[in-house]
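Some features that Swiss-Prot has for this protein:
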BINDING   197, 209, 249, 250, 251, 262, 336, 416  ATP binding site
BINDING   264, 285, 312, 313, 314, 315, 316, 317, 318, 319, 419  substrate binding site
COMPBIAS  118-134  compositional bias 'Low complexity'
MOD_RES   35  omega-N-methylarginine
MOD_RES   55  omega-N-methylarginine
MOD_RES   62  omega-N-methylarginine
MOD_RES   137  phosphoserine
MOD_RES   197  phosphoserine
REGION    1-133  region 'Required for cytoskeleton location'
REGION    1-29  region 'Disordered'
REGION    49-160  region 'Disordered'
REGION    287-295  region 'Calmodulin-binding'
């Protein structure tokens, strides 16, 4: 069964209905287009200023008094300033359409988006996960270092300058669509990933993620599989600054102040071959020992205390044991709320009731969002059960990404395929059988069954 191109309530590529009748979204522009608008506007403003200078000088007396009978000139306005960083080239693929707006979603009465300082970025960026390598920490979270990526645009309140140098200070007065800033909106992209994995694409609706060959392999095959509508659209590989990046669909595009939850699926987050390599060439990790100690000082063994270090498989097995991974087949990695605050304090969230309370807090009583999440998860499960890709791959370290906003839009996607591995010819997985070393079962469907059951229980309350 092939899913539609997006979650329940999401429009197909090609455009979306406006949030409210008569309220149309301004088109997004690239940095190059913004610069052309900027130069044209500055030229027009400079010409107008030059033409108006004689009248302004003739209208004033010595001492700055305005003659009787002449209208007093209004004070110099506060002009927005536009700061454009280095431009990235446009990327040709067309981005998918934003989610469909099912209900009106207007600003609060009396508010004006023009009164607030604004920031613009040439591209929205979404979390499509990040593959974790054996020598990398599982918990390198919440990095916003990519906020300094090239191709960002910032619109801020300008200075109140005098008439003499007013036109020298102006940067632009171009009317531009407002897009959330990279740093504020996308600090959560590292909820379960690694620092520096993401980059602004320079095209709205797309994100660049540092390329790994296993993930490129998986995404290319997923685009031809029944699961295509359940994963971020893949638009190939591009080069930036000498590095290769995957060009992916921005899963936040079209959401207004999105809330995001990352749920890591499966009963384990390490490959069987990682266990083998770790036994053959064990490497001690002091950083993981410290993380273990911070959660439970009694968790390390006497030998680990003496070494003040643990191996990564040991840490990951311990972490999965204290979370819901081993018991429910999934665990909550992190949540980003609409106000931008992030939380990853879910390491010991283990029972069904604890998980239910987390989701209850996440949806904030929005029954429509909960219904959409539940329907989407059921669609994903139906598709996984008929997917040839899924039957023939060990899916490790992958997540389900939940996204919704205050307009009742909601979506769920499978993300992060850096550790998804093809099985030997002829072997298939059930994805529900218990894992024993050697059978390569990952427990993905076991976790999805439990997740659907928990959300169904929440919907009945």
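Using the three backbone atoms N, Cα and C, a Cβ is placed for every residue, glycine included.
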On average, what pLDDT score does this prediction assign to the region 'Calmodulin-binding' (287-295)?
95
Work out how many Å separate residue 419 (substrate binding site) and residue 197 (ATP binding site) at their Cα atoms, rounded off.
15
Take the region 'Calmodulin-binding' (287-295) and find every residue of the same chain, 6 or more past its ends, with a Cβ under 8 Å from one of its Cβ atoms.
137-139, 304, 307-312, 315, 318-319, 322, 347-348
Starting from each candidate's C-beta and looking 10 angstroms out, tell me which of the binding-site residues 209, 314, 419 has the most other C-beta atoms.
209
Which whole-number value in Å describes the distance between the Cα atoms of residue 249 (ATP binding site) and residue 316 (substrate binding site)?
30
Within 10 Å of the Cβ of residue 262 (ATP binding site), how many other Cβ atoms can you find? Include all protein chains, please.
27
Could you check which of the binding-site residues 264, 312, 316, 318 is the closest Cα neighbour of residue 416 (ATP binding site)?
264
Spatially, which candidate from the recorded positions 35, 264, 312, 314 is nearest to residue 209 (ATP binding site), comparing Cα atoms?
264
Inter-residue Cα distance where the pair is residue 312 (substrate binding site) and residue 250 (ATP binding site), in Å
31
Out of 35, 264, 336, which of the recorded positions is least crowded by other Cβ atoms within 10 Å?
35
Per DSSP, what is the helix/strand/coil residue tally across the region 'Calmodulin-binding' (287-295)?
9 helix, 0 strand, 0 coil
So among the binding-site residues 250, 416, who's got the most Cβ atoms within 10 Å?
416
Whole-number answer please: how many Å between the C-alpha atoms of residue 35 (omega-N-methylarginine) and residue 251 (ATP binding site)?
27
Which one is closest to residue 251 (ATP binding site) in space, judged by CA to CA distance, out of the binding-site residues 264, 312, 314, 316, 318?
264
